[in-house]
C-alpha cells in the first residue's frame, strides 16, 4: 500500500536522536537538513511545517535518506483517526502519533488501520502529558493528579490498546518502563544538552540523563537546528551518549 516511489525506510539508523524541524521556510529547512547525516538522527515534522509544505515535504526528506516522525498528534473520532494514521503509513513515515486522551477505542482503531501495512507500518505512539504542562495546567483541565501520575495513567491505557509506545517527559521514563515493560518505546521531547536555553519546555533533561532514565528516542530541536555546526553538535551529543558523559 505504501507509495512504491518513496525511498525505503533507513533500517540501519542506530541513533536515538530525533531532530525537531521548526522552520517557516522550506528552503531554510532543507538547507539545514543538507548539513547533517541521516545516519546521525531522524527528523520530526510537526503541525506547522506539515500544514505549510504538505506531504511532499515529508517525501523530500525521505528521498534524502531520513526517517520521519510525523508529529501531528491525531485526536478525533476513531474512524477519522484510523484513516489519518493509514494515510501517514501510506506516506512511508517511520513514526506517527495520536493523543492518548482520545481513549482506547480511538487508539485501537488506529492500530488496526496499520495491520495491512505489515512490517512497513510505522511505529504508532501516543502523547500523554505535554512537556510544557505542569500541575497548575492540569488543574485548569480538572485533572487533580500530578503530571507524572497522569502520564502513567495514559501510558498504561496506550499499552493496553496495543500501541508501540508513548511521548512522555524523561522524568516519567523510568517508572513507565517498569509499568509498561522494556519493549514499550518512550519518545521524549524537552531534551536539552547542558547549558542550552530551556525555551518553552518546563520538564527537561540532558541527553545522558534521558538515556539513563530509559528513553528510547530523544527529540532535540533548537540546540541542533540553531547550532553554527549542527553536524558537529549531533556528533558531540552522540559521543556523550556512547561514553556516558554529560554533553
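Cβ coordinates are placed from backbone N, Cα and C, and glycine is handled just like the others.
Now, the feature entries from Swiss-Prot:
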{"type": "BINDING", "residues": "22, 44, 71-80, 131, 192, 201, 221-222", "note": "substrate binding site"}
{"type": "ACT_SITE", "residues": "73", "note": "active site, proton donor"}
Revision key, fill the gap. Residues near residue 75 (substrate binding site) by Cβ (under 8 Å) yet at least 6 apart in sequence within the same chain, in sequence order, are 81, 98, 99, 101, 102, 106
Exercise for review: Within 10 Å of each Cβ, count the other Cβ atoms, then let me know which of the binding-site residues 78, 221 comes out lowest.
Suggested key: 78
Study note, to complete from the structure: If you measure between the CA atoms of residue 131 (substrate binding site) and the residue listed as 'active site, proton donor' and round to the nearest Å, you get 14
Check your understanding: What same-chain residues, at least 6 away in sequence, bring their CB to under 8 Å of the CB of residue 22 (substrate binding site)?
Key -> 46, 48, 49, 221, 222, 225
Review point. Near residue 73 (active site, proton donor), which residues of its chain come within a Cβ-Cβ distance under 8 Å, counting only those 6 or more away in sequence?
Key: 47, 97, 98, 99, 127
Review point. Within 10 Å of the Cβ of residue 72 (substrate binding site), how many other Cβ atoms can be counted across all chains shown?
Key: 17
Check your understanding: Per DSSP, to which secondary structure element type does residue 78 (substrate binding site) belong, with helix, strand and coil as the options?
Key -> helix
Revision key, fill the gap. So residue 131 (substrate binding site), by the Cβ count within 10 Å over all chains shown, scores 24
